[in-house]
Each structure stands twice: as structure tokens, then as C-alpha cells.
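Asker: Structure incoming, see below.
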Amino acid sequence: MAEAITYADLRFVKAPLKKSISSRLGQDPGADDDGEITYENVQVPAVLGVPSSLASSVLGDKAAVKSEQPTASWRAVTSPAVGRILPCRTTCLRYLLLGLLLTCLLLGVTAICLGVRYLQVSQQLQQTNRVLEVTNSSLRQQLRLKITQLGQSAEDLQGSRRELAQSQEALQVEQRAHQAAEGQLQACQADRQKTKETLQSEEQQRRALEQKLSNMENRLKPFFTCGSADTCCPSGWIMHQKSCFYISLTSKNWQESQKQCETLSSKLATFSEIYPQSHSYYFLNSLLPNGGSGNSYWTGLSSNKDWKLTDDTQRTRTYAQSSKCNKVHKTWSWWTLESESCRSSLPYICEMTAFRFPD
């Protein structure tokens, strides 16, 4: 059995609401200032197939709760609520239409933007296609060039292989020659070892000879006077420039003096020109500083028919009847070149070229 369900909607309205309702009903707003609470019934649609008569009865029962208020008051309160619902629906419809219009505008703008973007992308794709075509053509040309180069490289490789084969053959020939050279080298090394041993033996002999030579030089040093290694004179001889001079302490005739100088591997000294400020003059003063006045020495200049020096130089002069030989004579402090009988006995001066110290 279906039971009747009563819905009661109770709303507590504050003072401002009461004043607004009273103003609408044309009542005094201060009529309800006694603190009474006003109950308002709201019209609701039927729920779950409840008939409108039942809803009306429910509302009627709710209206009976406040028996003190008249029926006119109830109707006046109910009518404005229903009037407020209708403008709300109209406003919602307007907002809905406005939203639909804005949505359509957005869709239109979106479609335009998509179209423009489509055109841009299409142009970019066309440009990309042209670039790809150019690139493809370039790649084809490069590919053909690479194929040509590979063919050339293959030919070069074949040529290199042939050259490698020839080089290998030449290398084998060189290896055989190298082996032969190694054999010769080993033989040379054996000879070198023998030569080295011989050289060591010769070196030992050379050292022994050098030692003997050093000992001999030490023994010979007292017999030689050396200004340097290339200018040496026998002991007792006087060195002047690159010549050695020997002044005898004994007297002999000219011929014996010449022979005595020859036994000493020398010859009689020659002084071609003797005059003050001449080289020979100064040399005689340095050679015979202690020579007193009247001292004479045989020299190599003899006066036969022709004045012939012992060094084979010629000087033509008138000769005397008897054989005369040259001598150097000191008178006081002057040296002169004079003639003397070759048989006279005088000291003599021998001259020889300075020599290198014996190695």
C-alpha cells in the first residue's frame, strides 16, 4: 500500500528577509517585531510520481501549522518565489547561448590558425622537398664520382699488388745479398780481430819505442839547445834566428878551419856586408860581445881569382898575387871584413842551419 509522504521545507528567515516580504505584501515591517518566527512554504514539484493533489495537501498541512496568519498572507509569500525562478532560467539560457557563441568563435579562430599553419607547413614541406631533390641529385653525382674513384682505386690496388710482388722478389734478392754480405762481414770481423791483436802488439812495441825515444831524448837534451821544437842547435853553439854559430877556441889556417867546420856538419860563416847599422854588424857585436881590439876570425869568403863565397855566390873583384882569405876583424869597436893570408892561423866561426829536435 502506498503511504502518503509529506515533505516539509522549513526555512528560517532573518529580519531583513521579513522586512522585504512585508514590504512586498504592503504590511508594516514593524508588525512582527514581537519576536515571532515566520515559516515559509516553498512550492516543489512532485517527486516519484506523487500526485499534485497530494503535494497540495502537504502544502496545505504545512500552512496549517501557522494558524494565526491569514490565507492571504500565504499566497502573497508564495507568488514572489515563483516569480524569481523564471528570470533565473532566462539568465541561465542567455549565459548558455553566450557560451556557445564564444565557443563557435574560438573554433573559428582555431580553424583559421590551423589553416594558416597548414599553409606554412605545406610551404616548408615543398621547400624541404626541393632541398631533398637537390641533395639527392648531389648525392647521386657524388655516388657516381665515388664509384669512379673506387674503380680507379681498384686499378691502383692491382698495380700496387704487382709492385709489391716485384718488391718482394727484389727483397728476396737483397736478403740473399745480405746473407752473403753477412758472411763477408763475419770474415772481416775475424780479420779485424786478428788485425786488432796485431795492432795491440804493434802499439805495445810503439810504446816501448816511444819510451826508448823519450829516454834517448832525455840523454840528448844536454847536447842540444832548442829555442823551439823546430829550431835546435848543438850544445855550445849560439842560435841566431834560424842559424847556429860555433866560435872556435883554437886557431887554424883557413883550409883546416873549413875542414873542421865540415866535420861538424857545417861550414864557415859568411858575412857578405859589414858596415855600421847593418844586420851583420849588430849580429857580430851580439855574437862576440867580449871580443877585444885586434881579434880576427876566419869567415867563408875567400879571395882567389874571384871572390867566391862558400855558399857558391859570386862577387867579382880584383885579386892579389898571393892567395888571400877573408876574415872579420875588430878594430877598437868597429868590425870590418878584411883579407888575410890563408896560411895564417886564426880562430874561425862555423855556421849551420838550425834543425828540428830529433824525434
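The backbone N, Cα and C atoms fix where each Cβ goes, glycine too.
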Asker: Going by the disulfide annotation in Swiss-Prot, which one of Cys188, Cys342, Cys350 is bonded to Cys261?
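Answerer: Here Swiss-Prot pairs Cys261 in a disulfide with Cys350.
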Asker: When the Cα of Cys244 (disulfide bond) is compared with the Cα of each of the recorded positions Asn136, Cys261, Cys325, Cys342, which one is closest?
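Answerer: Considering only the listed recorded positions, the nearest one is Cys261.
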Asker: Spatially speaking, which of the recorded positions Asn136, Cys233, Cys325 is closest to Cys350 (disulfide bond)? Use C-alpha to C-alpha, please.
Answerer: Cys233
Asker: List the Cα distance (Å, whole number) between Asn136 (N-linked glycosylation site) and Cys325 (disulfide bond).
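Answerer: Between the alpha carbons of Asn136 (N-linked glycosylation site) and Cys325 (disulfide bond) there are 124 Å.
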Asker: Counting only residues 6+ away in sequence within the same chain, which have a CB under 8 Å from the CB of Cys261 (disulfide bond)?
Answerer: Tyr246, Lys267, Leu268, Tyr348, Cys350, Glu351
